[in-house]
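Just below is one structure, and these are the notes that go with it.
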């Protein structure tokens, strides 16, 4: 896409959001944010060879306290930015029950209905915990979010500034036709060396399941399709991708 055409597309997207903001008021706080941060964000994307509205993919690493945001470029995903997580609670290991203050680990999906432009924490989206795997293992809890602010219990707080970028990119992808985006939450970067240090840990077998999904993306730069069969994660290619 030529630079002139790209700028027209971005301008049209921003003007559309501005119109929505004027019509819907506070309900479209996200549109007002996109109007403010969109131009600079679009320039940064263009500089990386990426574009607003491309499909997104998120990975979260609890030990490193980092959130990666990837955008699709051609057939593969390219890392756009790594954001520091301002606050989260709990320790390494999955969320098991409502009120345990743990942040989840696993593979989650975020449709447009999970986006919240009226969050008490500026902007937020629900990652979809508990998923089918969590439910199969009797895990409970609700409303696990990636949100703004600097405080969190069981969620991932990114600060208002960072959530504005994250939310704007994710929302643009959904509005541009991505049916949902994937959020993969890991206890740590699952290198061979780090997994060796996890030997004997109470969650070692669970983490090996997660590692299969982690390795899939590391090798292919395309997230796997994730299903749950017999209480275990199963990974395969997304239809139409290899």
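Placement of Cβ uses the backbone N, Cα and C atoms for every residue, glycine included.
Annotated active site, proton donor/acceptor per TrEMBL: 147, in sequence order. Take the CB of residue 147 (active site, proton donor/acceptor) and look out to 10 A: across all protein chains shown you find 26 other CB atoms.
The active site, nucleophile annotation in TrEMBL covers 155. According to DSSP, residue 155 (active site, nucleophile) is assigned to coil rather than to any helix or strand.
Residues or ranges marked as domain 'L,D-TPase catalytic' in TrEMBL: 56-183. Across the domain 'L,D-TPase catalytic' (56-183), the model assigns an average pLDDT of 97.
Under the heading signal peptide, TrEMBL lists 1-21.
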Cα separation, residue 147 (active site, proton donor/acceptor) to residue 155 (active site, nucleophile) (Å, whole number): 8
Cβ neighbour count within 10 Å of residue 155 (active site, nucleophile): 24
Local backbone state of residue 147 (active site, proton donor/acceptor), from DSSP in three classes: strand
